[in-house]
Amino acid sequence: MSNVRSDKPFVLAGRTYQSRLLVGTGKYRDMEETRLAIEASGAEIVTVAVRRTNIGQNPGEPNLLDILPPDRYTILPNTAGCYDAVEAVRTCRLARELLDGHNLVKLEVLADQKTLFPNVLETLKAAEVLVKEGFDVMVYTSDDPIIARQLAEMGCIAVMPLAGLIGTGLGICNPYNLQIILEEAKVPVLVDAGVGTASDATIAMELGCEAVLMNSAIAHAQQPVMMAEAMKHAIVAGRLAYLAGRMPKKLYASASSPLDGLIK
């Protein structure tokens, strides 16, 4: 069958990953809960807000890398808390220095504190500089397919459209824009922000996303470690459903059992 989908590896910056779940490190009660939840998630890529989390820039304070060692996890420094391109570029340079030349970064440039929507103009400016400086840029963006295309053409290695506002747990608010982005994508597309529970993650994967990044959905759950495990299974289920191909939707019923040979 020509429409049968075959799985392909999840590759970022030349490295292949088994888990398609990426997780954040903020909002947990303490370091131990952070460690346990991330272990339960099965994630291999962990994103860290460089401006809010100590990864070596504050000697003498607890260092997140003590519980999430870079030899076990791929650390994905992000620019959360940056509101212009200059701040974002400076933060990425600091992260590269702290992580011994590490080039993989998650770029996010926010528009305001109320919505945490991406400022796409500043994001485009920052992305252009970072790509020229040799960074492997994964970029948080709006669900505008044109902006996503421009970021990919600029050289970003992955685009990460929001599913809903950061921290809201509203789920996949605009699956139609996301579908357009996926259809046009020349780089991996990861849903970033808005996921609230396991079914949201599954829907994102069923649509064809390469992976999902989340933080609040796990950290704000009543039992974060249990939710982390639920998310691990949700990602796998969604990917398998995408590869399997769902049945077509119909307006009218269709009997599961054949009508031929009915007992009279």
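Glycine is no exception: its Cβ is also placed from the backbone N, Cα and C atoms.
Residues or ranges marked as active site, schiff-base intermediate with DXP by Swiss-Prot: LYS106. Feature annotation from Swiss-Prot assigns 1-deoxy-D-xylulose 5-phosphate binding site to GLY167, ALA193, GLY194, ASN215, SER216; the stated evidence is sequence analysis.
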Query: When you look at GLY167, ALA193, GLY194, ASN215, SER216, which the record names as binding 1-deoxy-D-xylulose 5-phosphate, what is the longest CA to CA distance in angstrom?
result: 10
- prompt: Given the 1-deoxy-D-xylulose 5-phosphate site residues GLY167, ALA193, GLY194, ASN215, SER216, which other residues of that chain have a Cβ within 8 Å of the mean position of their Cβ atoms, reported in sequence order?
  reply: GLY164, LEU165, ILE166, THR168, GLY169, VAL195, MET214, ALA217
Query: What same-chain residues, at least 6 away in sequence, bring their CB to under 8 Å of the CB of ASN215 (1-deoxy-D-xylulose 5-phosphate binding site)?
result: VAL23, GLY24, THR25, GLY26, LYS27, THR47
Message: Could you check which of the binding-site residues GLY167, ALA193, GLY194, SER216 is the closest Cα neighbour of LYS106 (active site, schiff-base intermediate with DXP)?
response: ALA193
- prompt: By a simple count, how many Cβ atoms lie within 10 Å of the Cβ of ALA193 (1-deoxy-D-xylulose 5-phosphate binding site), its own Cβ left out?
  reply: 25
Task: Around the Cβ of GLY194 (1-deoxy-D-xylulose 5-phosphate binding site), how many other Cβ atoms lie within 10 Å? Please give the count over every shown protein chain.
output: 25
